[in-house]
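Asks: The feature compositional bias 'Low complexity' is assigned by TrEMBL to A:398-409, A:520-535, A:645-655. Residues or ranges marked as compositional bias 'Polar residues' by TrEMBL: A:549-559, A:567-576, A:586-603, A:656-674. Summarising the annotation, TrEMBL assigns domain 'RING-type' to A:346-384. Annotation source TrEMBL lists domain 'CUE' at A:468-510. Sequence annotations record features per position, and here TrEMBL assigns region 'Disordered' to A:391-421, A:509-603, A:624-703. What TrEMBL records for A:12-31, A:87-107, A:127-144, A:150-170, A:191-213, A:219-240, A:261-280, A:286-307 is transmembrane segment.
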Amino acid sequence: MPLLILHPVPPLPPLPTYFALSFLLLLWSVLQAREELSVLEQSGITTAPPSEMDPSSQTLNLTHYFDIQEDDITVLKYVKSMVRDSWSVLVLCNVAFCFLLVVGMGLQWLIFGKLRDIERQHVRDKLWNFAFYKFIVVFGVLNVQTLEEMVFWVAWFATFAFLHAFAQLSKDRFEYLSFSPATPNTTHAKVLGLLASIFSASIILGCLCGYVGNSHGWNLFLFMIAECLLLAFRTLHVILKYAIHLYDLHYEGVWEKRGMVVYYTELFMELLVLGVDFTHHIHMLLWGNVFLSMASLVICLQIRFLYNEIQRRVQRHRNYRKVVHNMEARFANASDEELRQNDDDCAICWEEMKSARKLPCNHLFHDGCLRSWLEHETSCPTCRQPLNITRTEGGSRPQPAGEAAPQGPTLTPAQRIGARNPTMRNRLGGHFFHFDGSMIASWMPSFSVEVTHSNVLRRRMVANRISVLNNMANQVTQMFPHISHSAALNDLRMTRSVELTVANIVEGRLVDTGTPPGSPASSEPPSSPEVPASLEEADTFSPLLRSPDSASNTASSPPTDAETPWDQPSTSSAWHQVSEGGDTGHSFSDTGARFSKSSTERQNMLQLRKERLLLEARRKYANNQAAASRSDTRNEAIGQHQTGPSTSSPSSSSSEGNLQEHTSLPPSVTSNLHSESDSNYDSSSPGTFYTSEAGPRSDDVVRRRNAVLEATLRRLNQQQL
Amino acid sequence: MAGSALRRLMAEYKQLTVNPPEGIVAGPVNEENFFEWEALIVGPEGTCFEGGVFPAEIIFPTDYPLTPPKMKFKCEMFHPNIYSDGRVCISILHAPGDDPMGYESSAERWSPVQSVEKILLSVVSMLAEPNAESGANVDASKMWRDERELFYKRAKEIVKKSLGYGS
């Protein structure tokens, strides 16, 4: 019976409200304490009545500290008097919680800055799961009855929740940082420092456990130390991974043993954490004396899950050993001579080979690279020749790390869901609890509870995009005050880049209220369907009609054209202008770009290359459209000539001069194009009107096409005459 | 671990920048995350997608190049081998283990010797020659098979849209 609850998390009040309420409560209890103190002082009793607390409670050794003494300072008196009232104690706890929250948020801003959505989601998941689980433990296993005990445990687990949350954040942040080659060292230092302090905090807490356990028995000690160990090992795991990553990043050349080191660190730490967790749960089950209660049920489920995890991990390690063993037995190390003969990088990691293994098909690979590939597939990566290693027993494939797939017929549905759990949580961005009662007894129900926050995520993304667009629109309107903000925004929605929009404005494609006089034909924003046709007349037509070598023609073009970058005879120089128009000002060669060592420079160059590609494509498209629309106008002109020869369109008369230079075309081309000029653009076979080369040649081709069209037109006219 | 994947991606990025294939620009969207790339692909000449500039995102797994990346077009596409949500369905992007269509031979599947450049070139050739047999988009496959002229017209519209000229 799947049960989907969309908003089970109670609508928490916003933080400022919560802080204000806490402060009011604190004020109230301070006033209470003051009243009580004045009563006490009036009656002259300075020592508290004998404690009514249970002698066996955890805080027994602390109670006598809370007797109010004459010589205490006022603040201490207040605190002591407040501690004797259970409501005030709760208020104090709440204040302490507020304090922890503030410290946590401060620390988070200091070290991580703004959290990414996924990190926030993970921390939230972690905290809710932790709170939910520890709630069961506190009331089910520890069987807390007095307020003092409860305060103690809440404080204890709150500390751990705090540390766990930061350990989780550091882990997520580390994984994110490891995706980038250019992270500043200070960022690494901050995260590593936090991890180190979490680790030392868990050791200090462990010492505290020893102290408490000394007076309260070893069961309690074991229970508490397990928490410390879990936290310490998890943190240590992240620290080790971090250290390996940093070492690898700064290691010159190829670190051949890297795969091995990483694998065994992972294996050891994972098994350690799983083992401690497993023992901890078994101990809780035996010590807590909680058989046949709800708590025991939850613990049993957890034990079962942990057991399967351990089994899976061990199985994976067996497979790994087998692969390594097989590989070492079957594929010999390549000799130095073979390496020299090969003289190529490893095809898997693209790095130099100092030692390698040789497959039967004579292909060489790094030891580690080949091993990790063989865990996926038993064939040569280069030639696909099967290698026929019998890797696994029972046909189960080794699992790549972090990926938990069902791996045998013995898996129950609950486990399978448990195994899928991480991915589902990632996808939905929520919590996922599953309870399968049929595992325990056939009549029990099974249900899943899922908490999703996807709407929060989506809203934030939309808001982000809008603000980015707004910023870009502001940039554009600063450069071009005559363009209205909304028009710029509209165009930016289409282009998603300031440079492209600027190019649109300069070309006159984006025209707003204050239309510049040079572009009469383009009166619509580029989003409208007619634009490609109309914009041709604005920008591409005039350069087309002007041949670059006829200087007499320049006078006929509108004077404003001289300012637009498109008024260049060669398209490539136009892009140089545009790319220089951006403030980065890099120069480009057409074949490729320099690969900069600086990350920001690389990003800028990539961005410019992308924009150039898009501009180039647009330019070509516009040219082709021009050619197509010209062929249409010619056809119309023919029609006009047929009905009334007295009307002559200005475009055809102006291009007559152009025509004179290009009459020497081969007749075959002319006849070829003749048949096509009659057909409509859309139904013509693909690519007919397209130019194939960037740069000056494309212009040449367009010019030649124009000439051919003119020739066709003239012949048609002659035929009519 | 992301370390070796990072090195390899860096090497590929360098190769694609210094010596790019014609009509392809590809690189990380943001260098803070080297595992998310954006590629611009120009429609191959002499085909119905000619002249269009199609943006696509490529998401790499952390164990790249052992497992293939995922590729998805970010613009509207209408093609027999591209799902309607933009995901690209070509054999080079499929790990040897999984076979969603049940027809591909293992030889044309992903292997670590493949690269981003090879993927993008395969996509270009896929744009040029749709494979209607393994239709990811059934409507497009059908139109490609039965009403070729209509398909060309639709492709032209997509090219136009991809250049930001609206519909």
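A Cβ is built for glycine as well, from the same backbone N, Cα and C atoms used for every other residue.
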Asks: Decide whether the stretches the transmembrane segment (A:286-307) and the transmembrane segment (A:127-144) have at least 3 CB pairs under 8 angstroms, with pairs required to be 6 or more apart in sequence.
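Replies: Contact between the transmembrane segment (A:127-144) and the transmembrane segment (A:286-307): present, because at least 3 Cβ pairs are under 8 Å.
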Asks: With pairs fewer than 6 apart in sequence excluded, do the transmembrane segment (A:87-107) and the transmembrane segment (A:150-170) have three or more C-beta pairs that lie under 8 Å?
Replies: yes
Asks: Who are the long-range neighbours of the transmembrane segment (A:12-31) in its own chain, taking Cβ under 8 Å and residues 6 or more past its ends?
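Replies: Same-chain contacts beyond the ends: 78, 82, 85, 87-88, 91-92, 94-95, 98, 101.
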Asks: Please list, for the domain 'RING-type' (A:346-384), how many residues fall into helix, strand and coil according to DSSP.
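Replies: When I sort the residues of the domain 'RING-type' (A:346-384) into the three classes, I find 10 helix, 5 strand, 24 coil.
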Asks: Average the pLDDT scores across the domain 'CUE' (A:468-510) and report the rounded value.
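Replies: PLDDT averaged over the stretch: 69.
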